[in-house]
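As recorded in TrEMBL, the features of this protein are as follows:
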type	residues	note
DOMAIN	8-452	domain 'Major facilitator superfamily (MFS) profile'
TRANSMEM	59-81	transmembrane segment
TRANSMEM	93-111	transmembrane segment
TRANSMEM	117-140	transmembrane segment
TRANSMEM	152-175	transmembrane segment
TRANSMEM	181-203	transmembrane segment
TRANSMEM	267-291	transmembrane segment
TRANSMEM	303-324	transmembrane segment
TRANSMEM	331-353	transmembrane segment
TRANSMEM	359-377	transmembrane segment
TRANSMEM	398-422	transmembrane segment
TRANSMEM	428-446	transmembrane segment
């Protein structure tokens, strides 16, 4: 580890910190949504009486939560193009402008039609996060030495959960989660965007991009010397040359070819299903609406319970960094899904029997914490990198773009629909997630191969069987 490498990786994962902050921050302003002046409510001139039209509030609230994912869906397809066109560092610099603009709109929400400014700000921030969630892993994997690539590659998941936790702490009533300061809370990740913008000016370009994409040998050597310190860059240059030749010999596969070719069909289905299972497991329902769920469970200070979820989330993300390389991807994924399934059933029982037994609130709370722990063991981190392991150089860019789009699309559906389904189903809402988790577990048991330590040829042979 060198100072330049640490700086480069830290700077890059600030993009994922902003992604986590945007996921968690929307939880706190749920309280001031109600009709007090300057909140997220529609402007008075709409003629809507908020007290008599809670469906209007639910619509604006759900839209504010889920429009973030629309931005991510739209921009996830352009990651490869912008990364190759501008270079990794310059691309991250340019897309930061979106984050700064989006956060500025949210920070100034009290000075205009607040609901519109927040929806616009969340959409623009989502555009940034969609681009960033592709560019950051690309840059980090390309600047990391082979021995550290796995460990440094999992730091983006840690950055996400740290962002969620900080947003939850700042969302406390006596800090920023109150009627006066909530716009500042929503716009605060703009500070991380500004920090990233200036730090990127000190980061070297990816040597792999310089050598493989641009053919600039001397510049690639200079970049390697900055990242590795005094060691001889020729060994890594030889590795890059081999990779360049492999990339040249394997034709790039388009998204259309990915879906029409029988050769890739099973791998594509698995890649999409792991993304769907990550989002439809119900985890974002917990992140977006945990305060509300704890209130229903009868917790006096639900915000502190939500912060507890954030702490548990962060601790078990650190543990999963070590587990992923020790145990196999498949076994962790299966264990995580089964644990979440049992937790979802326990949560439903706890919420349903709360009116009869007061102690059931503890059952619901423990179930929520276990739900988060099992998510971070498998279904949380694994879908982000297993797609890259399922495909070789040719089809990989198209597969990552499709998987990214699928992840964001599912995120949008959960964010948009969960509040309506929760209002409709009451305490039984997690029965739906339990049923889905059972389907995902059976699919993973029958179809998801073990990718740890296997070559693309060996994985392809498993699919053929």
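Sequential numbering from 1, following the chain as shown.
Just so it is clear, glycine is given a Cβ too, placed from its N, Cα and C backbone atoms.
Touching of the transmembrane segment (93-111) and the transmembrane segment (59-81) is ruled out by the presence of fewer than three CB pairs under 8 A, sequence neighbours closer than 6 excluded. Remote same-chain partners of the transmembrane segment (398-422), defined as residues 6 or more beyond its termini with a Cβ less than 8 Å from a stretch Cβ, comprise 58, 61-63, 65-66, 68-70, 72-73, 76-77, 79-80, 130, 133-134, 252-255, 257-258, 264, 267-268, 271-272, 275-276, 278-280, 282, 284-285, 288-289, 292, 383, 387-388, 390-391, 429, 432. Here the transmembrane segment (181-203) has Cβ contacts under 8 Å with residues 4, 7-8, 10-12, 14-15, 17-18, 21-22, 25-26, 28-29, 32, 39, 89, 92-93, 96, 99-100, 102-110, 114, 118, 121, 125, 128, 163, 167, 170-171, 175 of the same chain, all six or more residues outside its ends. Count of Cβ pairs under 8 Å against the transmembrane segment (152-175): among 117-140, 303-324, 428-446, the largest is for 303-324. Residues 274, 277, 281-283, 296-297, 320, 323-324, 360-368, 370-371, 373-380, 382, 426-431, 433-434, 437-438, 440-441, 444-445, 448, 450 of the same chain, all 6+ positions outside the transmembrane segment (331-353), place their C-beta atoms under 8 angstroms from a C-beta of that stretch.
Confidence annotation: the domain 'Major facilitator superfamily (MFS) profile' (8-452) carries a mean pLDDT of 83 in the model.
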